[in-house]
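Chemist: Attaching a single structure in structure tokens format; questions to follow.
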Amino acid sequence: MVLDNLGTSLKDALRKIANSGKIDKEVIDEVVKDIQRAMIQADVNVKLVMKLSSTIKNRALTEAPPAGMNSKEHVLRIVYTELVNIVGKATPVALQSQTIMMVGLQGSGKTTTSAKIARYFARKGLKPAVICADTYRPGAYDQLKQLCDKLGVGFYGEAGNKDAVAIVRNGLKEMAKYDVKIVDTAGRHALETDLIQEMKDIYGLTKFDHKLLVLDAAIGQQASEQARAFNDAIGITGVVITKLDGTAKGGGALSAVSDTNTSIAFIGVGETPDDMERFDPDGFISRLLGMGDLRALVERANEVLQKDDVNVEKMMQGKFTLNDMYDQLEAINKMGPLKQIMSMLPLGGLGGNITDDMYKMTQDKLKGYKVIMDSMTAAERDDPKLIGSSRIARVAHGSGKSPEEVRELLKYHKMMQKAMKGMKGGGPGGKMNMQKIMKQMGMK
């Protein structure tokens with residue numbers, strides 16, 4: 001999950017609210033100090049932190065809870081809404097024909113990000129192409145071409161041409177039939193006059209629908225200075241924050257967005273091609289606090305799963321065979337890394353107890369289960385009760401696993417079957433209310 005340490009610290013602060021006998025000034029002061037400490041450790045700008053904490057404190061002490069909500073729930077909602085406000089609104093990026101200019105510092109991950117954003121549009125049913133305008137970095141052309149070929153998106157570049165403006169002009173003509181054209185400019189330092197002029201010249205070639213600045217989350221509060229310089233040069237319309245999954249200082253990049261009155265368009269949360277997500281403020285904070293992001297989960301499922309991948313209705317009726325579990329594991333593998341999928345679920349305090357080693361072990365276990373099920377007959381997968389000691393030995397031998405691992409799989413299936421039956425009695429989906437959020441977070 002992005003900004004793991006910040007999320008853990010914020011959840012700890014919110015538990016103090018939920019576990020307090022009453023909400024008074026002393027409790028509010030203590031919680032606000034915890035929030036301040038957590039945000040500053042994540043490299044969020046101090047002025048922004050002070051403004052946030054002042055707003056939370058003022059609202060918590062002066063506002064009366066609305067009808068049907070107690071004081072604990074009300075303060076929790078205040079913290080949640082103010083955290084959403086601090087990250088700002090998302091940059092609207094429509095699923096339609098458009099031209100996008102990508103700018104950023106050297107080493108920000110801009111070239112990879114350009115290809116991943118093209119992949120995002122392809123997943124949505126559009127036809128994207130990336131134009132390579134980086135004529136300075138050795139290997140930029142080859143890297144981007146290989147990425148685009150791998151991801152199945154269009155590519156245009158001129159390996160021997162050093163005139164970036166001419167390349168973009170030609171590329172826009174050649175790729176005119178593509179829905180989305182993404183121009184990957186050379187990485188630069190904001191104070192390099194010649195490169196800034198080149199960027200302005202490219203900007204003057206066409207009406208760009210978006211000018212997206214790529215920021216590496218790890219650069220911390222230096223992001224603000226860079227964002228202002230790029231904004232002054234071409235007027236950026238949105239920010240893409242990369243590598244949020246690998247740094248404790250992502251708050252600096254978030255501060256830069258607020259500091260320049262821009263907004264976030266995409267966030268990079270992993271290394272795979274599908275780990276570039278449209279930014280959703282509510283979902284981002286919800287995931288940060290361990291409340292999950294069911295909207296993102298449903299969106300990811302809709303993108304990668306076929307209609308018949310998982311028979312949900314049959315499973316909810318209580319009939320959950322090994323075939324169903326096999327389909328479920330296949331679906332999980334299609335949707336991406338387990339850690340990322342788990343971050344979209346409302347695990348509350350449980351999520352923070354799962355280490356990276358545990359995720360890896362669990363992912364390996366799931367792969368092992370699939371190998372075991374491949375060694376079963378269709379009848380055995382449809383009715384696990386058929387699998388006695390002799391069949392366990394046969395399946396273990398055929399899969400290269402131990403009999404204990406086969407028994408563990410059968411035990412896991414029983415647990416999942418029981419869980420599916422329990423879900424049958426659950427209420428309709430939708431956003432959780434504050435009481436459910438408190439329970440999910442391990443609060444009283």
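A Cβ is built for glycine as well, from the same backbone N, Cα and C atoms used for every other residue.
In case it's useful when we look at the structure, here is the feature table from Swiss-Prot:
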- 104-111, 184-188, 242-245: GTP binding site (BINDING)
Chemist: If you count other Cβ atoms within 10 Å of each one's Cβ, which of the binding-site residues Gly104, Gly107 has the most?
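Modeler: Checking each of Gly104, Gly107, the winner is Gly104.
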Chemist: Can you tell me the three-state DSSP label for Arg188 (GTP binding site)?
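Modeler: Note: Arg188 (GTP binding site) is coil by DSSP, not helix or strand.
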Chemist: In sequence order, which same-chain residues at least six apart have a C-beta under 8 angstroms from Arg188 (GTP binding site)?
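Modeler: Counting only residues 6 or more apart in sequence, the Cβ neighbours of Arg188 (GTP binding site) under 8 Å are Val103, Leu105, Gln106, Leu195, Ile196, Met199.
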Chemist: So for Lys110 (GTP binding site), how many other CB atoms are inside 10 Å of its CB?
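Modeler: Lys110 (GTP binding site) is surrounded by 26 other Cβ atoms within 10 Å.
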Chemist: Provide the three-state secondary structure of Leu244 (GTP binding site) computed with DSSP.
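Modeler: Its secondary structure by DSSP: helix.
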Chemist: Quick check: in three-state DSSP terms, what is Gly104 (GTP binding site)?
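Modeler: Assignment for Gly104 (GTP binding site) reads strand.
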Chemist: Sort out the sequence-distant neighbours of Thr185 (GTP binding site) for me: same chain, 6+ apart, CB within less than 8 Å of its CB, listed by position.
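Modeler: Those within reach of Thr185 (GTP binding site), by Cβ under 8 Å and sequence separation of 6 or more, are Met101, Met102, Val103, Lys110, Ala133, Asp134, Ala164, Glu198, Met199, Ile202.
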